[in-house]
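Structure first, commentary second.
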Amino acid sequence: MTNQTQMMEFLLVRFTENWVLLRLHALLFSLIYLTAVLMNLVIILLMILDHRLHMAMYFFLRHLSFLDLCLISATVPKSILNSVASTDSISFLGCVLQLFLVVLLAGSEIGILTAMSYDRYAAICCPLHCEAVMSRGLCVQLMALSWLNRGALGLLYTAGTFSLNFYGSDELHQFFCDVPALLKLTCSKEHAIISVSVAIGVCYAFSCLVCIVVSYVYIFSAVLRISQRQRQSKAFSNCVPHLIVVTVFLVTGAVAYLKPGSDAPSILDLLVSVFYSVAPPTLNPVIYCLKNKDIKSALSKVLWNVRSSGVMKR
């Protein structure tokens, strides 16, 4: 196999060669995946069913849950299947689709997190005009811009990557198809399209980071002017988790895409990939919704209705 037209499949790296640990990995990833899917589906359904959860903040949370659901479904099930079936292969077309989805979904998540920071700025710094500032039309426009931007960049990344010539080796140093891992297999010296794609991606991520930082500078300035300690504490508790999520997501993504490549995968490389592809979809529902009174109230209402309907049938 000398180029990508003859490359029929790729081999994904295993977390371990030990048979017992491989099954343990499959079990752990299965639990993580089922937990993430269940939590994100519940959040989406609650926000659709309860009219109180139709504000801008919940609009973004609903779409974030949808993105998280898609992102973890793009990578984890294949890793679980390979561990259970004791195989490492992924088809060429499967790799193309997986790469496109990861770039699209991860990038769109950055856009949503940026929009959420602006929504928090509007809620804290302009509380009387929040609904006017974060109108339904603006929310839809921000969402569409994020999807279109990352969709175009995803196509550019995917087309640029698979237009390159590959070595005879088809072993990826990653548990899913990702640009850095694929570039290690290429024998092409010129990566012009990829270089342009990375530059655009870095500019996009940096501009999102700047918007988030500026929003939080205004937010923390406004919070520090609040006289009541209880209200200050509540505002900080709502904002700090979001800031932590953004920081971890951007830092791990930057490390994965910008650090120099190595000849063999390290456990650190795999952990970094887990942090930006598996951890966010699992942790976001907990971070954003566990202490949210409106969501807890909506869940209690749904459970009560289900229980009441069951009693009535009896």
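Cβ atoms here come from the backbone N, Cα and C positions, even for glycine.
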Same side of the membrane, LEU49 and CYS177, by Swiss-Prot annotation:
no
Take the Cβ of CYS187 (disulfide bond) and count every other Cβ within 10 Å, whichever protein chain it belongs to.
11
I want to check the contact list for CYS95 (disulfide bond): same chain, sequence separation of six or more, C-beta distance under 8 angstroms. What comes out?
GLU9, PHE10, CYS177, LEU182
For CYS95 (disulfide bond), which of the three DSSP-derived states applies: helix, strand, or coil?
helix
Touch test for the transmembrane segment (98-118) and the transmembrane segment (24-44), at least 3 Cβ pairs under 8 Å:
no
Any chance the transmembrane segment (270-290) and the transmembrane segment (132-152) have 3 or more Cβ pairs under 8 A, given the pairs are 6 or more apart in sequence?
no
Could you count the residues of the topological domain 'Cytoplasmic' (216-235) that DSSP puts in helix, in strand and in coil?
16 helix, 0 strand, 4 coil
Counting by DSSP secondary structure, give me helix, strand and coil numbers for the topological domain 'Extracellular' (153-194).
18 helix, 3 strand, 21 coil
